[in-house]
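Here is the structure we will look at.
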2 protein chains.
Amino acid sequence: MAKKAVCIMSGGMDSTLAAYMLRAQGYEIVAVHFNYDQRTQQKELESFRAITARLGTGQTYEIDLDFFAAIGASALTDRSIDVPTGGIEAGVPVTYVPFRNGIFLSIAAAIAEKEGASVIGIGVVEEDSSGYPDCREAYIEAMQRAVNLGTRDETQLTIAMPLVHLKKEQIVAEALAYDVPLELTWSCYSDEAAACGVCDSCRLRLKGFELAGIPDPIPYRVKNGVS
Amino acid sequence: MAKKAVCIMSGGMDSTLAAYMLRAQGYEIVAVHFNYDQRTQQKELESFRAITARLGTGQTYEIDLDFFAAIGASALTDRSIDVPTGGIEAGVPVTYVPFRNGIFLSIAAAIAEKEGASVIGIGVVEEDSSGYPDCREAYIEAMQRAVNLGTRDETQLTIAMPLVHLKKEQIVAEALAYDVPLELTWSCYSDEAAACGVCDSCRLRLKGFELAGIPDPIPYRVKNGVS
């Protein structure tokens, strides 16, 4: 029986690369996607489906988490809070969704226990990214410990975060090396037809492509917002 | 502003007592209930609503987690797996729902961060209970650490588990001391009109009342299954 990795895949560049890296290590990928009433939910779901069809996966899970709208407190899940477009600032941005990765990892852990997986894959980036507390290595390590204490003794899970110390230009370069279909990935926080080019996620992505010296294959409304 | 405790409340005896204890410590209770397609979902929800109306709470959250049915792997969420009725056995029982408390605590942490709460309350019982790995003190402590590393630096949460070392008869006695409306609580895993009396949860509850020397006010189909 193939060893399995449950990969949390948003449809974005980072989590897609993480899944490709784990597949290259011989894991069967159990792909998990979350719809949490985020602004670009439909586009992210389409990206997830296109990417997993290309990647080739075992079981896939598309999980609806409607309650994020009731919690709100983030520009991604509360339409009354604007997504910032003026450039990346210090501190935790208003796009932070409270403990989103904690919720995602907990559900992934339940799926991993059910599937008999040994790895959970997540595309968190700490050093050159969003400023979200739930993307920090120390958090993921603590979460791994909690997951292993809170599941059956025979369930022993490693949370793989192969991108955590990469810069965005390294992620672009690695994505090319792993033949990741970058044209299928979506990172924009706010738009679904063409990426806005000015939200934090677009800025980080565009900066990565620019520094890697490679054109980004997805459409943008504007591309001059690179921070 | 009142200090707040986000309490995970199933409608059962243990989590109800935990919430009453925290309210007695001066916390405003933010009550969170999960519908996860468990067998007694409707009865538990009714119990939650009746209990919180009696307790008096701030904001309440009723959260639907439909995906538990897709994960299954438990007698509580997969109708093709029977709830055991023959008495409590060693090991993790088939009623264990993979990492359920991890998922519940992660969502409670997001709510706590949004609400500005300082405490999450959970009614886990380790020593005289279900054999579920996600009810162990060591797990809850590890989860508290993870939650604090994975949320904003100003979010500092304590996960209170005031029942973790209590025996069931102590829980019954404490519930009386705190004036918990035991008649409104529901513990049975399988039935909603009258408690079955023979599932693990009924057995533990009935044992607690028997040892405490107090009659259980809820209706039972049979009461002779005490282990």
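Glycine is treated like the rest: Cβ placed from N, Cα and C.
Because TrEMBL annotations are produced automatically, they should be read as predictions rather than curated entries.
As recorded in TrEMBL, the features of this protein are as follows:
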- B:M9, B:S10, B:G11, B:G12, B:M13, B:D14, B:S15, B:T16, B:L17, B:A18, B:A19: ATP binding site (BINDING)
- B:C188, B:C196, B:C199, B:C202: Zn(2+) binding site (BINDING)
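B:C196 (Zn(2+) binding site): 19 other CB atoms within 10 A of its CB, across all protein chains.
Listed binding-site residues: B:L17, B:A19. The one with the lowest count of other Cβ atoms within 10 Å of its Cβ is B:L17. In the shown protein chains, 29 other C-beta atoms lie within 10 A of the C-beta of B:M13 (ATP binding site). Counting only the Cα atoms, the space from B:M9 (ATP binding site) to B:C202 (Zn(2+) binding site) is about 18 angstrom.
Neighbours of the ATP site: apart from B:M9, B:S10, B:G11, B:G12, B:M13, B:D14, B:S15, B:T16, B:L17, B:A18, B:A19, residues of the same chain with C-beta atoms within 8 angstroms of the site's C-beta centroid are B:I51, B:G123, B:T185.
One way to see the shell of the Zn(2+) site is to take the Cβ centroid of B:C188, B:C196, B:C199, B:C202; the remaining same-chain residues with a Cβ within 8 Å of it are B:V83, B:T85, B:S187, B:Y189, B:S190, B:D191, B:A195, B:G197, B:V198, B:D200, B:S201, B:R203. Among the binding-site residues listed (B:M13, B:S15, B:A19), B:M13 has its Cα nearest to the Cα of B:C188 (Zn(2+) binding site). When the binding-site residues B:C196, B:C199, B:C202 are compared by Cα distance to B:A19 (ATP binding site), the shortest distance belongs to B:C202. The two recorded residues B:G11 (ATP binding site) and B:C202 (Zn(2+) binding site) have their Cα atoms spaced 14 Å from each other.
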